[in-house]
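Sequence annotations record features per position, and here TrEMBL assigns substrate binding site to A:Thr159, A:Lys182, A:Thr193, A:Glu273, A:Asn392, A:Ser397. According to TrEMBL, the active site, nucleophile annotation covers A:Thr193.
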2 protein chains.
Amino acid sequence: MIANPYQLPLDQTGSVTTPKGFRAAGIAAGIKASGNPDLALVVNDGPSFDAAAVFTSNRIFAAPVAWSRGVTADGYVKAVVLNSGGANACTGPDGLRDAIKTATAVAGEIDAAVMDVAVCSTGLIGVRLPMDKLLPGVSAAAAALSADGGADAARAIMTTDTVPKTASYTSPDGWSIGGMAKGAGMLAPALATMLVVITTDAQVRPLALDKALRAATVVSFDRVDSDGCQSTNDTVICLANGASGMQPLPDEFVQALSAVCADLGLQLLADAEGAAHDIAIHVTGAATESDALEVGRSIARNNLFKCAIFGNDPNWGRVLAALGTTTAVYDPDQLDVSFNGVMVYRQGALGEDRSNVDLTPRTVEIVVDLHAGSHQATIWTNDLTYDYVKENAEYSS
Amino acid sequence: MIANPYQLPLDQTGSVTTPKGFRAAGIAAGIKASGNPDLALVVNDGPSFDAAAVFTSNRIFAAPVAWSRGVTADGYVKAVVLNSGGANACTGPDGLRDAIKTATAVAGEIDAAVMDVAVCSTGLIGVRLPMDKLLPGVSAAAAALSADGGADAARAIMTTDTVPKTASYTSPDGWSIGGMAKGAGMLAPALATMLVVITTDAQVRPLALDKALRAATVVSFDRVDSDGCQSTNDTVICLANGASGMQPLPDEFVQALSAVCADLGLQLLADAEGAAHDIAIHVTGAATESDALEVGRSIARNNLFKCAIFGNDPNWGRVLAALGTTTAVYDPDQLDVSFNGVMVYRQGALGEDRSNVDLTPRTVEIVVDLHAGSHQATIWTNDLTYDYVKENAEYSS
């Protein structure tokens, strides 16, 4: 796994129930034909019910996204219910009614208003959810809620994930952040959704929470760019209850939240279906951060580059060709490109011998120095492999 | 092969020597280790020497592109020399000197000024050309020039192409257009360059020729979008000598040139390495042509969609998710999507049963009706297959 750039101690055995005052559950409601767990519930027991959320920017978005945008708009959320086994996307007005019925069922179980229950779904597009199984599942999940149910919840939201993804950070001051995620970045089959729930017992007011969540996702999930494909269901929800009684400094909280988000993002990347390499593309010396991001994304989305990495080929020509399609500021005669520490292209000309590059490790670090300024950004991506094609060709959705 | 949308009689056995007053040759100079033909020469014998060209928009462009931009800028070109076996890209000042030496050698052989000789190269990036083989090859090619050498020239520019690509159109009025192309769209290994030379014996003045070539390429090569990757060497050069003595109407000439370009583009698509399907994405009912193009390209570049087609899966969800990332005008509740004539999504809801779609033929026609206006555009692309990954991972460049 690519190293987390944040120098904070994180615990991947922690989860959404690591912070005080949260309960969770994950059960098998029968939505998945496999009988695997498919329904998760995360409940905030207060004393505060602050919340923030970010959603897919795709204009074709699923019913639960439509519903949860409304729920989270006032910054007050008591619970999140998540199902795998069906995305409830492109299902029309009936699909929206199903999402509302799900929230209503949760509200009845935990004594909340229906408008305070967010809903997330992941799975196949264009198929109605089996409400006859989902609604009894909500009752079962509510009955199973526990203060150590975070791991079960993380397992119940898996689709093509091979492992559950959780992480937590505990501050020396006694507050903590816990999170769970599913999906393989944006690389997994059939637009496998990225769903993330993060909890914290720190005291953070809704507007500050919103600002912190946006700051953290911009430098974490937004920079995991497995295949440039954007889901209809992506959702990141953060719940804060203040149960620790501690109020972190804003910057301190943003750093911790960013670290947890980066860790979950890198776990998604490491479990991306069919990938053989995890790639960090560091763009340095950029005139602006926006230039650095544009260059990083253009390389990350270049199929020829991604195939080369799969073939363990330090193909700097494909990096340059991708760079050439951007609007970033640079002088072609000043560019440096390194693969795993070997500068194969230096000041716009041949550098060290490419045979010195070893791409057999799963982790690959590319550095592109534009020599045009002092800004930088890193994009994380995967290679393009036979297995990626296989999974996405054979998985009929 | 996808049907040419232009209703003009074309001849795929015609070539750059079909129009009067052009000679061509293709020989083996020893640039390719395989010993296959690797050097082509196309010479205009007049009486006019009008020319127009379009080049890659990649900001990282090869030495021959830098040279030929200058050569073609005055609309006066006597010959084009093309080599396969090396792209002469990212080779610095030495590479530019190699391109100029090649043009100089041709100029000496055919009695032209060096500034009237365009140069095109295709092959591996970042490697110098073997000038000790290339320059004698120029003499051999000049000696082999003939009025029926078009087929040889087309063969000598092949890299990973499995077949040479040529086409011609002959007007009832006696003028004609001939062309040759190489490359597999933008899909082939190692940024395999698209090189195209088109000749005509029609009388067309340089400015009109430039306008016609831009109009024709915009609706042909620009809409072949195999994998969204842009080469460092792409070049389309058109030479006009007026030898027929005929001056076609501007619209008539643009139509014929567009038809020849579309035919060559569709031949490139049909020979794209590793592809199992040729896909035409027709976007109709768009508010603007630009909207139609944006939607078509976003679908054509969506790896999940491309994998689905490889898997013979009429996955309309992936079409919608790609559409959702665009800025095009549409109402989600009005969208129609058809796969090979079966409307699987109608007015923003489930349409005909997807099991009625047969994606086993190589040719796939997708229609997306935005119901937002009267504009339309078609993008041609390929599917994403094991063989695409294999070719691009194993071919070390």
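Positions of Cβ are set from backbone N, Cα and C atoms, glycine also.
Following the DSSP three-state reduction, the secondary structure of A:Lys182 (substrate binding site) is strand. With a cut-off of 8 Å between CB atoms and residues at least 6 apart in sequence, the same chain places A:Ser84, A:Thr122, A:Ala154, A:Ile157, A:Met158, A:Thr159, A:Asp161, A:Pro164, A:Lys165, A:Thr193, A:Met194, A:Leu195, A:Val196 near A:Lys182 (substrate binding site), listed in sequence order. Listed binding-site residues A:Thr159, A:Lys182, A:Thr193, A:Glu273 compared with chain B at a CB cut-off under 8 A give none as close ones. Annotation note: A:Thr193 (substrate binding site) sits in a coil segment as assigned by DSSP. Neighbour density around each Cβ, counted as other Cβ atoms within 10 Å, peaks among the binding-site residues A:Glu273, A:Asn392 at A:Asn392.
All protein chains shown were included, and the count of other CB atoms within 10 Å of the CB of A:Thr159 (substrate binding site) stands at 24.
A:Asn392 (substrate binding site) carries a helical DSSP state (H, G or I). When other Cβ atoms within 10 Å of the Cβ of A:Thr193 (substrate binding site) are tallied across all protein chains shown, the result is 29.
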